[in-house]
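Right, one structure below, let's go through it.
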Amino acid sequence: MQPTHQEDATVGPESPTPTIGDVTEEQAPTPPASQPPRKGRDFWLSFAAIVVSSLLAALDLTAVSTILPTLTDDLNGADNFTWVGSAYALASAAVLPLVGGLADIFGRKPVMIGAVVLFCLGSALCGAAKNMEMMIGGRTVQGLGGGAIASLSQIIVSDLVSLSERGLYSGFISLVYSLAAGIGPIIGGTFAVKVTWRWLFYLNLPISGVSLFLVVFFLRVRTPPGSLTEKFAKIDLIGNLIVIAGTTLAVIGLTWGGTRYPWTSAQVLAPLIIGLLLLIVFVVYEAYVPERPTIPFKVLNNRTTYSGYITTFMHGITSISMIYYIPVYYQACHGASPIRSGVDGLPNAFLVAPFAMVAGIWIKISKGYRIPNATGWVFATIGFGLLSMLKAESTFSQWAGYQVLASIGTGMIFSAPVFPVMAPLPISSAAYALSFFTFLRTFANTFGITISSTILQNQLKKKLPDAFAAQFPAGLEIAYAAIPQIPSLPEPLQSEVKQAFAESLRVVWWTMVGISGFALLSTAMMKDIPMGSVTDETYGLDVKGKVKDIEGAETEDVKEGKANTLLADHLFSPSLLLAEQIERGVIPVSGQSVLELGSGCALPSLLCAISPQPASTVVITDYPDDTIMNNLKSNVSRNELHFTSACNVRVVGYDWGQSVEPLLSLSPSHAGFDIVILSDLLHFDQSHDDLLSSLTRTLRRSNSARAYVAAGKYTQSCHCDHFLELGRKAGLSWSTGEEDPVWRGSMEVSGGSLDREQLGIRKGMCRWWTGRWDHL
């Protein structure tokens, strides 16, 4: 035999030999393998809600950079102005580990609504701030909402779009985010000069309203079942308290070090050391104690993911340094107003956006992410080296042109690292992995602001003329206190101060060169692992009783968890695993009676019928929906020529939990089946009771009877554990099948889009169990 797996084509009944690929995956016209199905209205409305929410967070993050001198002067806050940025980044970082768990427990939509409300409240507090303390408090509340929005945007996109096609959509979000980041400084500068900096924060209120409207009415993603009490009980409160406390203390120490207090002072060392110790305690606690950890460290189990996280962290440091300290150069060395400094930064903003999308599209087309990541860091390293050449008297062509390469590099790395992070992981880990991804980037933003401000502060102390620097008391942030005074300074003092700023910023850019170079080296750890083409249906698009067929037309949806026409006509990896076990004889079917529930494409059942030593009876079932049943019957009819007379094959519509008498009537002596197969049916835990009821009532009461259950690793472990525990309570004992990412079938595989290596990869993405009666 030459088994042919054809995901996107079909082999007709005239095929001379039975083939593994003789299953029709799409009844409707199927697009080519490189083109995913067209997205319907519900998808685009949900995507619009994510985009506007991302716009909300991005606009505020960057606009603040150009109003800092005016805001600091107005609120008399030169001694702690860095907290305007650090408080936002700190709050974002502290809340992020919690976001993934909350999104899994309560669902994406309720958590996103809460995030937008928090961001809106924080914006109102900032706009009404009477002093620096109130401003920092408002920025903290904003950060809680903004951090959650950033993380949830990534998580929801992963629910809606598979990793293999995510480059385009992530690139589009990056484009919107970067455009907002580009116009943010201009908007901030305009408000600071023409009206008041307060309107920058008030502007967030109507945008928040639009975002909230879209999220409430158009973000259609599934919410997991369960009462509030059950959901709150799943939260890892202790782990979250530890990581929030550790993060907060560590950032306080980093923020104060070398600016407000010396690095060797108790005020810096105490919070820094305690914070780092708490983060170590958090890692140990999460690894051993909670059943549902805040960050499951299974997301850190391979070098490719590690490398993705390293580059993400380094990008957070370098990108925020550009956003905050390019305007400092313009305002200090060229006397630019807040508006002008925003305009001068446009080369950065409008290159970051398109190259973030370029990287995403490149990854989608090439199906590899290692080279795009490395290329981005090459550009960034060279670009920061060019920025270090800027002098106080540099021309427009120099300071505008030097931004180009750094902007291209940081733009590419804006979207590229998520692919090495996610590719090696099961999609059930997406929420946690992406929360940790956003946590690292946000925490790195805090480091970036802190590192750059500390370098600038310490260098200015050394390089500013003594007569000018003497007016600034110890502990005062010199940069933003000095900039408003520069235009009124007499010569040659003015030129000396400008030169001191240029030389001090040069050290900042050289530091970014070193960080970028290290990130470039870390990409050598990456391995181009094939990217998944499925999404986590637990939290995926909820179309409220309607589904979109492949052409975008609305049809009535069938019962979630028992059948879904969008799921039933695809050949999923667990079917391949079971088919291989049957073909190798690991699952012996010779002369046995076999029932498959929820068969989908029915690949395991068909292997039972066409094997050299076939089963005696094969009953293939799925939900009695016309589309599903027509698909099943077509698959069976295309293989009928290969059935032996010794094997009786029947196709029956069956709804789990209903009477099993029609099924038992097809079994020998009406006593049940020797083998019952469940392939990829555990994803919807709300249907486990009905599924198990059908299994236990159709599995023959015999010591030799077996149930074979397989699930993809995109099915959450808690769902698998739930079903297995229900089975134990019903009298079944389970043994776990061997996980083996090598395709060991003896049949030659040809045709289609899956070679033996690809089949092995898909097989390795699955788990399986054998069930038997514990006591009879």
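Including glycine, each Cβ sits where the backbone N, Cα and C put it.
Residues or ranges marked as region 'Disordered' in TrEMBL: 1-37. The domain 'Major facilitator superfamily (MFS) profile' annotation in TrEMBL covers 46-493. What TrEMBL records for 80-99, 111-129, 141-161, 167-187, 199-218, 238-256, 268-288, 308-326, 346-365, 402-423, 429-456, 507-526 (among others) is transmembrane segment.
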Between the transmembrane segment (199-218) and the transmembrane segment (111-129), do 3 or more CB pairs sit under 8 angstroms, pairs being 6 or more residues apart?
yes
Can you work out which residues elsewhere in the same chain, 6+ from the ends of the transmembrane segment (238-256), have a Cβ less than 8 Å from its Cβ atoms?
82-83, 86, 89-90, 93-95, 97-98, 101, 267-279, 281-282, 285-286, 289-290, 293-295, 443, 446-447, 450-451
Region pair the transmembrane segment (308-326) / the transmembrane segment (268-288), three or more CB pairs under 8 Å:
no
Should anything in the same chain at least six residues away from the transmembrane segment (141-161) have a Cβ under 8 Å from its Cβ atoms, list it; otherwise answer none.
43, 46-47, 50, 53-54, 56-57, 60-61, 87-96, 99-100, 103, 108, 111-112, 114-123, 125-126, 169-170, 173, 219, 221, 418, 422, 427, 430-431, 434-435, 437-439, 442, 535-536, 539-541
